[in-house]
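Inspection log for the structure reproduced underneath, given as structure tokens.
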Amino acid sequence: APARRPREPPAPPAGSPPGPARPGTKRLPQAIVVGVKKGGTRAVLEFIRVHPDVRALGTEPHFFDRNYDRGLEWYRSLMPRTLDSQITVEKTPSYFVTKEAPRRIFNMSRDTKLIVVVRNPVTRAISDYTQTLSKKPDIPTFEGLSFRNRSLGLVDTSWNAIRIGMYAVHLESWLQYFPLSQIHFVSGEKLITDPAGEMGKVQDFLGIKRVITDKHFYFNKTKGFPCLKKSESSGLPRCLGKSKGRTHVQIDPEVIEQLRDFYRPYNIKFYETVGQDFRWE
């Protein structure tokens, strides 16, 4: 890999006023990972920030859903400093299901590039439930939360874990403001089986050189995830944290079948809209 450009600026000539400690300017993001929760957004962020032309905000700012009233200058102040050649990226997966987010992002810049990491909606829902269960062990069963009436097969679409996976529905709000050409969909499944291939497409979408390739990844068998051979900051191997790759709760296969039937029409509509078959059937 090419040597990373030095972070520190050269020392200013004697007698010149002291400049900022770090080069670059804080800019509003040109690209945002807007969704989806439990799809693989953290992996995409950690993988893309290895690129020398990308600077990413590590935490989720939740600006366009929870903190919008703080204003764009507050939002900008959170961003990492970038050089002219670098792209600023942030990720907040809840944006995808936030009604106001498309309009608000459009009002910031109609040229914003949007990345959506999607995953089989049934496994996504189970993963979501598994995460909640680890924080609140007293919640009802997955089956109990999934159905308004199990024997009639009536799915409870008001439960967030179910609602998020109705991708075609949420996408409609985004397409009122952004053309499909400005939205890139990453397959959460392929991100695990072929991280270099998926990240190659992300780099193409962002208009940056394909620097992140096979050479950057190794497959960690314990995690069941690809990991980076070198991280952005320390140069040491880097896997996602303990909370990633949790063992899912065992769900009755019949429940899974009912949810598959429920999501099928939404999935098909989604495939047709984006022109991409994610093979979740």
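Placed from the backbone N, Cα and C atoms, the Cβ positions cover glycine too.
TrEMBL has this to say about the protein:
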type	residues	note
REGION	1-28	region 'Disordered'
COMPBIAS	9-21	compositional bias 'Pro residues'
DOMAIN	29-264	domain 'Sulfotransferase'
BINDING	Lys38, Gly39, Gly40, Thr41, Arg42, Arg119, Ser127, Lys244, Gly245, Arg246, Thr247, His248	3'-phosphoadenylyl sulfate binding site
ACT_SITE	Lys38	active site, for sulfotransferase activity
DISULFID	Cys227-Cys239	disulfide bond
Fill in the blank from the handout: Cβ neighbour count within 10 Å, max among the binding-site residues Ser127, Thr247, goes to Ser127
Practice task
By Cβ count within 10 Å, point out the most packed of the binding-site residues listed: Lys38, Arg42.
Solution key: Lys38
Handout entry: Entry from the binding-site residues list Gly40, Gly245 having the most other CB atoms no farther than 10 A
Key = Gly40
Problem - Under 8 Å by Cβ from Cys239 (disulfide bond), same chain, sequence gap 6 or more - result: Asn220, Lys223, Phe225, Cys227, Leu228
Handout entry: Pairwise Cα distance maximum in Å, 3'-phosphoadenylyl sulfate-binding residues per record: Lys38, Gly39, Gly40, Thr41, Arg42, Arg119, Ser127, Lys244, Gly245, Arg246, Thr247, His248
Key = 18
